[in-house]
Amino acid sequence: MDVLYSLSKTLKDARDKIVEGTLYSNVSDLIQQFNQMIITMNGNEFQTGGIGNLPTRNWSFDFGLLGTTLLNLDANYVETARNTIDYFVDFVDNVCMDEMVRESQRNGIAPQSESLRKLSGIKFKRINFDNSSEYIENWNLQNRRQRTGFTFHKPNIFPYSASFTLNRSQPAHDNLMGTMWLNAGSEIQVAGFDYSCAINAPANIQQFEHIVQLRRVLTTATITLLPDAERFSFPRVINSADGATTWYFNPVILRPNNVEVEFLLNGQIINTYQARFGTIVARNFDTIRLSFQLMRPLNMTPSVAALFPNAQPFGHHATVGLTLRIESAICESVLADASETMLANVTSVRQEYAIPVGPVFPPGMNWTDLITNYSPSREDNLQRVFTVASIRSMLVK
């Protein structure tokens, strides 16, 4: 894996800097590095593909070295270099694709394709060893079963979940009280609602709670907490739990009271925030508990009182909500996030070449399925294919 990254880094630098008119002295170190790559690769043969519709390709290396000059690089010099660069880039691209479409239930962190296994040989270590990528650094740590750490922005840590629970329900669905939520990606939105606006609740207060368990522990997280759930702020028709009918949700938004958010690890509270909104932080956690209250207003103008009558029919529904958004965090496991395209890169290649479903990943690389059942085998394989995708993205956009 290190060699593949070093190849890609060398080729990217060469493609960007070996251009017509450049002083040789400005790129002499790069050209020496490029020549070392050629010397190491010459005389070797590789085969890639042969799975799904990914075609089998054979690769052989027999390239001349780039010479020295006292002047600027001319068109002939650059054309010779470009021909070599283009072949190597095509080779690296195909090695990456070959690796991204393979998986294994055992030791999925290790190279799975024959081409990458061959590149892992000791003789290829002479290719300007470069370990500066976060993915490569963590791949090496995971390969040695040491602790890893990935920094994510808006990590896709929450499997998609959208539903509701009713704490009070009638067959006519005309006087309901409960909680509805939408968990997806890095965001939780939860709303508590009461058709009667807590008129019969103790002290005219309804208590709501929403607990979300993460599939992986997050550390040093920066989080935004807002006293609103905009996705539940407009009317909608909702299917009943048994699917036999539908009911009408017509919210009027109130501000939540006594808001508390707890971050827990293995059942122990690590951080607690009460009535604090905006930016908050959490040290390390695997569970989030949100609790908040709907309080019936003590004093109401006639127009507000008309929204919340003392008896049925209830035409509007008192609603309070929260939004919790993980802006950034560190995780020992690899995740998809908002700043990278690794999941899309891997998925698109597997779809384009009709790669058959293997023993590890779900069909279509369904992220909700993958993160919901994030087994050690999936973790190893995902870290490997994401590392390869990060290498490929250096050369192929």
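Glycine too: its Cβ is placed from the backbone N, Cα and C atoms.
Listed ranges 14-25, 26-37, 62-73, 278-289; the one Swiss-Prot annotates as region 'Interaction with the inner capsid protein VP2' is 62-73.
Secondary structure by DSSP for the region 'Interaction with the inner capsid protein VP2' (62-73): 0 helix, 1 strand, 11 coil.
Summarising model confidence by region, the region 'Interaction with the inner capsid protein VP2' (62-73) averages a pLDDT of 91.
Within the same chain, residues at least six positions away from His153 (Zn(2+) binding site) with a Cβ under 8 Å of its Cβ are Glu327, Ser328, Asp337, Ala338, Ser339. Applying an 8 A CB threshold to same-chain residues 6+ apart, the list for Asp286 (Ca(2+) binding site) reads Gln213, Leu214, Arg216, Val217, Leu218, Leu264, Leu265, Asn266. If you draw a 10 Å sphere around the CB of Asn266 (Ca(2+) binding site), it holds 10 other CB atoms from the protein chains shown.
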